[in-house]
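These features come from TrEMBL:
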- 41: L-glutamate binding site (BINDING)
- 75, 76, 101, 149, 168, 191, 233, 234: pyridoxal 5'-phosphate binding site (BINDING)
- 4-344: domain 'Aminotransferase class V' (DOMAIN)
- 192: N6-(pyridoxal phosphate)lysine (MOD_RES)
Ligand code: PMP
């Protein structure tokens, strides 16, 4: 154990992934070359890419209409690439606004067509997930952000809709089982639950593509990536390798079902402490609390700095809240052990008693 790493992303990775990757940096599979030195079109790397894509399909139980791509450009590129490929100039897409990341997606979509903000929790500082909304059956798609990394809210029930459902799952992908086949496109930056920064997972239904009339640049057209087996240009080799190792680890742990059990236990321990400790307070409505990013504040903000220093001494890192929300945010991604949450909770108890 190094430190208790609650970073929001890039974030903690399983030790065995780091160990394996460190060996591959020197000599990959006995090839006499580093993973950084091998050609991306060699059988050595092809096997990595194939396994990573297969593991995604298997762990998410995706049906055969889905193609799995590992792309460049972060989830932020998807904010633009999705409407470019799926939203006609004179058509409307529906978006639910649950915070900073939804807003960035909305801003890009407006460059390509009309956007209907079907619901927003902006008026209450994004402290909940909207429950009431109507989606026009004519809408090109509905976009949601399943977990709001900054505000600490999460969709616990995926909305039913007749239009294609698109989700940014950057901060809760594979943290729980879900009927992923309800979606038409799922995307996620790998740097939280799926590996290292540098690659983005896109799982897209082939049947929704090819319907817009605009010209799409080659590198931004999903169909070209599909045709080329997610190797249209040089892929982010190392990031994909780390993702493959992380998914192998996830499968060994028992997949999304096992992850959910563990993640629920971790979140319950921390939220319980937040609710009973007089010094701390949660920031979002209980039923929408995220199991990935736990955001909380102190009733005495003048003690915040001191608490952060105390945590640092206890080897607890990454719990400073996002600058927009303040306070604290503890990210409890798949790879974070339960013991780290126990250490944080002990620190909260101790600090609170000392200050009582
Ligand atoms: N969506 C969500 C929900 C995120 O948390 C983030 C990054 N924190 C992004 C999108 C942007 O991802 P990237 O930095 O990979 O573009």
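Every residue gets a Cβ built from N, Cα and C, even glycine.
Caution: TrEMBL annotation is automatic and unverified by curators.
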Alpha-carbon spacing, residue 101 (pyridoxal 5'-phosphate binding site) to the residue listed as 'N6-(pyridoxal phosphate)lysine', which is rounded to whole Å: 15
Between residue 149 (pyridoxal 5'-phosphate binding site) and the residue listed as 'L-glutamate binding site': CA-CA distance (Å): 35
Residues among the recorded positions 41, 75, 76, 149, 168, 192 that border ligand 1 - Cβ under 6 angstroms, in sequence order: 75, 76, 149, 168
Site with most surrounding Cβ atoms, counting all protein chains shown within 10 Å, from the recorded positions 41, 192: 192
CB contacts for residue 191 (pyridoxal 5'-phosphate binding site) [other CB atoms within 10 A, all chains]: 26
CB contacts for residue 234 (pyridoxal 5'-phosphate binding site) [other CB atoms within 10 A, all chains]: 10
Spatial neighbours, same chain, of residue 76 (pyridoxal 5'-phosphate binding site) - Cβ under 8 Å, 6+ residues apart: 104
Confidence summary (mean pLDDT) of the domain 'Aminotransferase class V' (4-344): 97
